[in-house]
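To start, the structure itself, in structure tokens.
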Amino acid sequence: MVEQLTQHDPRRIGPFEVLGRLGAGGMGLVYLARSASGRRVAIKTVRTELAEDQLFRVRFTREVEAARAVSGFYTAAVVDADPRAAVPWLATAYVPAPSLEEIVNECGPMPTQAVRWLAAGIAQALQSIHGAGLVHRDLKPSNVLVVEDGPRVIDFGIASGVSNTRLTMTNVAVGTPAYMSPEQARDSRSVTGASDIFSLGSTLVFAATGHAPFHGANPVETVFMLVREGPDLEGLPDDLRPLIESCMQMDATHPAAEPRDLQAQLAPHLFASGSDDSGTASAWLPVPATAMIERRRGGRRTARRPPRPRPRRLRAAPQGPGAGHRLAQRGRPAFALPAVLALAAVRRVRTAAGPSAAPDGGPVQLPGAKVPIGPGRRAGEGRGAAAAAPRRRDRLGPAARRSERFLGGHGPHRTVPASTLRPGTPSPAPDRWRPWRFRMSNDVWGTPVVSGDLLYVTSFEVHALDVGNGRRQFKTRDVAWAMAVEGGRIHASDGPSLYALDAASGAEQWRLATDAWVYALKADRGTVLTATRGGGVQGWEASNGEKLWEVTGAQSDFETAEAGPVIHDGTVYLWQDARLRALDARTGLERWSYPIGDAASCGGVPVRVTPATDGYVYVAAGTRVLAVETGSGPVRWHFEAPAVFLSPPAFAPGPAVTGGGVYLADYLGTVYALDATTGKDRWRIATEARSSIEPVLVAVGNVHVGSGSALYTLDAVTDTPKWRFAAGGDVVGAPWWRRPGPLRLGGPRALHPGRGGRPAALKLATGGEITGSPVAQAGVVYACSKDRCVYALDALKGTGTGNRART
């Protein structure tokens with residue numbers, strides 16, 4: 001979408017008049033411009049830090065000359081460039097067409113023949129690019145435009161020009177982790193055209209399935225999956241597997257297919273006798289996709305719909321002889337479940353008594369409940385629409401046992417991740433603060449941190465933004481995969497090193513090399529805690545980086561930030577040698593340990609720990625929940641469930657009669673309310689299969705849990721269902737609550753009390769799905785979004801800025 005120019009954008013670049021913004025790429029901003037003759041071009045500019053690198057300028061100049069020589073029907077031709085300008089730029093022919101990413105997000109996965117049609121065109125484009133001596137290095141769905149007569153590959157030249165500069169010498173692999181090759185992730189400076197062929201296979205997987213072949217919670221986890229595990233090919237049609245396997249060679253020493261070989265392989269399928277050999281999109285693509293192409297060609301855009309939900313799948317390993325014979329076998333996924341448990345989850349949901357489907361917008365009658373769960377109004381629906389909504393009472397069959405009631409749904413979908421209670425304060429005064437938005441050059445991930453007058457977010461580096469106006473005060477020089485802010489310092493790691501910066505100025509205070517890659521980092525009361533690949537856990541003095549202690553042999557089955565050790569109130573809790581151990585945070589000396597079991601005995605899922613304010617730590621270990629006294633380690637009680645827990649327990653203080661207790665949901669979606677004193681099961685309600693690793697949300701006597709595309713609210717004392725809100729799509733991120741405002745979802749929505757106590761929706765003013773968890777402080781909501789923006793929103797109204805954004 002073409003956006004209006006800001007006061008910081010140039011009005012002319014070289015001989016071109018700048019008309020608007022097209023977006024932001026990995027190397028810099030992209031503008032729509034017009035030549036003196038009226039020809040429209042797309043101009044890619046280069047980020048300041050790259051422009052200051054003389055090695056980059058030399059290489060970029062050479063690559064631009066090579067890019068000018070690229071000719072081919074399936075590429076966007078280079079029109080002009082100035083590598084020596086203060087801000088280097090490259091202009092290519094503007095193609096008014098949607099990207100492959102946009103088409104799949106809005107219209108769904110493509111048919112087999114359409115994927116082959118795309119593959120043939122992209123392969124021919126790569127043949128032209130490689131013939132000019134270039135390697136694309138960033139082939140992905142957003143860099144493939146789809147027009148009526150075939151795909152167009154864009155953005156070659158800049159990505160290849162950045163290789164061998166200081167950007168790649170700070171452990172940043174050029175390219176997009178979800179689509180790059182393993183050899184590019186290891187060393188992007190020495191890749192060949194075979195790497196582009198691998199990326200072509202990854203792009204085709206997205207086109208055919210709707211999901212990337214590699215996906216993690218953040219880029220570093222995606223790279224880890226890429227080099228250690230192999231691609232996720234779930235949903236890929238069998239007819240396309242030979243094509244994908246010929247592209248995605250996990251072993252770089254194995255000869256990859258050449259572009260001309262792929263074209264020869266595809267030709268018999270595309271132009272067989274009796275087939276439509278026109279070669280146009282209408283011959284291969286579904287009607288919605290061709291309509292979208294036509295609208296874009298005519299300069300019209302429909303209101304953008306959110307991307308189709310992509311469930312986070314828990315996959316069993318391939319079975320049978322020859323399974324994935326040319327693709328490396330996947331290792332254990334970060335939170336993989338044993339196949340028998342995955343099968344049990346499917347059976348549990350599909351065989352629930354009676355029909356399980358409940359219409360969106362209609363009430364759901366729980367067996368044994370006196371009233372149905374009422375639907376909340378969706379965003380944008382007025383009272384008339386709400387009144388016209390169907391009022392069917394779809395019963396779910398015979399009454400289940402009193403202790404288990406099945407809520408309506410459509411099978412095992414990705415659920416609404418939840419977080420623990422976050423206190424809030426009144427809405428900001430309008431005369432002192434206005435909503436703002438800050439656009440990053442790269443993806444933003446993780447949960448933002450507010451400390452004093454600054455907001456800290458991670459987008460490769462740590463960026464410090466003024467909470468009042470969104471202006472960037474500074475950013476770190478180096479990459480930060482993990483970050484914690486505590487005691488006036490930013491503690492961060494780029495993987496092989498750990499460093500501390502002054503939180504107010506960004507000035508470096510200390511830096512040291514670690515013995516292994518840091519995958520988790522936390523800070524508490526002057527101690528920095530890190531977990532490294534291979535089972536290492538270290539404690540560091542926050543003021544100077546002195547190593548206080550180190551232990552080895554900690555669990556290494558689940559090396560993710562969520563499964564890492566926990567530090568709270570001077571105590572470190574870690575999983576080591578099949579025992580849960582409590583260590584002194586300053587000395588590393590063991591205070592107590594408990595035999596929790598190894599990964600196999602814990603159901604193949606990580607142990608999750610929640611330290612609470614009542615002097616106990618609540619532990620979820622496979623199918624078990626334990627309450628352990630934090631001082632000396634005796635177990636207060638033990639609870640056993642029929643399914644494993646992926647998320648940690650949530651603790652609510654107070655007696656059970658007021659909603660106090662321990663709440664959590666297992667993998668099958670059953671929500672449990674446990675008495676914090678005895679561990680007895682006060683009640684349980686089963687929803688749909690749940691793969692969220694976030695805890696349920698307990699606030700003001702209510703338990704909020706996501707199930708598929710709906711959010712259910714249950715009374716924490718009696719388990720009485722209060723309402724059901726149909727979100728209109730799977731909700732991502734974590735819901736949170738602030739007193740006295742609305743309940744907020746991880747996606748761009750908030751729920752306000754409506755008629756009869758049922759919720760009405762208010763859409764938060766963000767431009768994409770929320771990543772991490774939003775944070776509320778002083779009446780402001782801070783959230784990071786998949787549109788590469790950081791938002792500051794009014795916590796009471798959920799409103800934000802318009803289209804303008806600071807950069």
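Just so you know, glycine gets a Cβ as well, placed from its N, Cα and C.
Taken from Swiss-Prot, the feature domain 'Protein kinase' applies to 16-272, supported by sequence analysis. According to Swiss-Prot, the ATP binding site annotation covers L22, G23, A24, G25, G26, M27, G28, L29, V30, K44. What Swiss-Prot lists as phosphoserine is S71. Taken from Swiss-Prot, the feature active site, proton acceptor covers D138, and the record attributes it to sequence analysis. Taken from Swiss-Prot, the feature phosphothreonine covers T168, and the record attributes it to similarity to another entry. For 292-328, 353-429, the entry in Swiss-Prot reads region 'Disordered'. Annotation comment: Swiss-Prot describes 297-315 as compositional bias 'Basic residues'. The compositional bias 'Low complexity' annotation in Swiss-Prot covers 353-363.
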Cα distance (Å, whole number) from the residue listed as 'active site, proton acceptor' to V30 (ATP binding site): 16
Nearest recorded site to S71 (phosphoserine) by CA-CA distance, among recorded positions L22, A24, G28, D138: D138
L22 (ATP binding site) has how many other Cβ neighbours within 10 Å of its own Cβ? 18
Rounded mean pLDDT within the domain 'Protein kinase' (16-272) lands at 82
Pairwise CA distance, L22 (ATP binding site) versus the residue listed as 'active site, proton acceptor', rounded so that it is a whole Å: 18
Rounded Cα separation (Å) that holds between G28 (ATP binding site) and D138 (active site, proton acceptor): 14
Rounded to an integer, what is the Cα-Cα distance in Å between D138 (active site, proton acceptor) and A24 (ATP binding site)? 14
